[in-house]
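Participant: So Swiss-Prot lists the following for this protein:
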| type | residues | note |
| --- | --- | --- |
| BINDING | 30-33, LYS51, 87-91, GLY415, 479-481, ASP495 | ATP binding site |
| COMPBIAS | 535-547 | compositional bias 'Gly residues' |
| REGION | 528-547 | region 'Disordered' |
Amino acid sequence: MAAKQVLFGDDARAKVVQGVNILANAVKVTLGPKGRNVVLERSFGAPTVTKDGVSVAKEIELKDKFENIGAQLVKEVASKTADNAGDGTTTATVLAQAIVREGFKFVAAGFNPADLKRGIDKAVAAIVDELKALSKPTTTSKEIAQVGAISANSDADIGDIIAKAIDKVGKEGVITVEDGKSLNNELDVVEGLQFDRGYLSPYFINNPDKQVAELDNPFILLFDKKISNIRELLPVLEQVAKAGSPLLVVAEDVDGEALATLVVNTIRGILKVVAVKAPGFGDRRKAILEDIAILTGGQVIAEEVGLSLEKATLADLGQAKRVEVQKENTTLIDGAGSVEAIKARVSSIDALIAAATSDYDREKLQERKAKLAGGVAVIKVGAATEVELKEKKARVEDALHATRAAVEEGIVPGGGVALLRARAAIKDLKGDNHEQDAGIKIVLRAVEEPLRQIVANAGDEASVVVARVLEGSGNFGYNAANGQYGDLVEQGVLDPAKVTRSALQNAASVAALILTTDALVAEQADDKPATAGLPHGGPGGFGGPEF
């Protein structure tokens, strides 16, 4: 086992604070509409330019192991806030640094860190309650666009495209971000339920111009096994042909004589039919087939539920207004399923999302839910260069998370003002002793810090602006984008309440842990010298060979 170094007391705390400050100082320059860029070196390829706090934090690893402990703890604040709310990482880092800085003044003066922590927790709980009271629900596309724009570092175009996407697919819909092919941002909306499986034979194509198979008002057969024998399928085909409707067959696979017969029927015009593979694998495939069944008002033909292909009737088949089958995608538009059944299915998926432990499972469940609830919107981010594209894409993703958070818990005035107004809730708050009162004072001072940093990044005097904002009330604040004071909600400077709340809670949680730290343990630095080479790079003092 490698030897360890141990630091105690003030020496340990000084090292942690040093690490906290190095990371926080690099992150906080990005805060606000006039925040600066940070350039991140890459071991290969072009450097990355970013204004995203968590991207900067993730890159920082300090040489001094004790300082690195402090940096990693604050990195945790940024990551946790990004996971919870998707944005607010820089605000969380600034708050954590402020609480640590103010807290260590009291620790150095001999205050009990455990009581300081209790005071901090008390103050944060009161501010969180006040933030909930201050927040108002987002009701208009304009508000959603404003939240998105602020989160994307005051880029109104990004705010607008996100608001349009939410308009199209609803608050429950899935919005994905992809690399675009042009210089401008584009929005692509897929209506209905789409899955990533296409036609099994190009002979099913009935629209050669678009290279798609289109079916109007088709029946939809859902089968969870492979179909190779046409005899199994004949009874259903005859019933569908009598009804005079087209047919979409979704099965684990269709091959052999079954596929050949379907192709021949299509070519001869006897029956308009398209066969596609069922999406997904294993249990996920069964779940998606069940989703399609509920959306189209049909049933999955499966032995498990006592249904067989030979005995299937038209009542077991689903229906949709329109189906489009491309080479790699199938889209079902306007399924005939009942609204109540779809709502019940969405609720059951919600319960699975809440219980999901892995991000992958959660993402796939949210995708299923969105396909049932509204549809899918794809934002294609355009830029002139690869470096700009990466930076812009990160901002779009941040803005998307922020708008979702705004829809979830409402909005509060931005620009650091919400925390200042919520501070009123703890002005008269008292702890159980004077040390807890000191913990409350730490938070009172720390909540000014986001506004101070926004102002400093805009090149103005922080103390003057904070004093002026505190003289006002309600939504009155400082708009760093234009240097004006006024009603921030009217000016569209908004923050999601969830982002502000998560930033404060995560910052206080980690900062309070740092304050109560009294010893640090880290691996001993390796003092071995580098392997000695020949002097002057080659034998006899000559340079080494050139290649």
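Counting starts with 1 at the first residue shown.
Just so it is clear, glycine is given a Cβ too, placed from its N, Cα and C backbone atoms.
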Participant: In the structure shown, with every protein chain counted, which of the binding-site residues GLY32, GLY88, GLY415 has the densest set of Cβ atoms within 10 angstroms of its Cβ?
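Facilitator: The largest 10 Å Cβ neighbour count belongs to GLY88.
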Participant: Which Cβ among the binding-site residues (THR30, THR90) has the fewest C-beta neighbours inside 10 Å?
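Facilitator: Across THR30, THR90, these binding-site residues, the one with fewest Cβ atoms within 10 Å is THR30.
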Participant: Applying a 10 Å Cβ distance cut-off over all chains shown, what neighbour count does ASP495 (ATP binding site) have?
Facilitator: 31
Participant: In the structure shown, with every protein chain counted, which of the binding-site residues LYS51, ALA480 has the densest set of Cβ atoms within 10 angstroms of its Cβ?
Facilitator: ALA480
Participant: Indicate whether GLY88 (ATP binding site) is helix, strand or coil by DSSP.
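Facilitator: GLY88 (ATP binding site) sits in coil per DSSP, no helix or strand.
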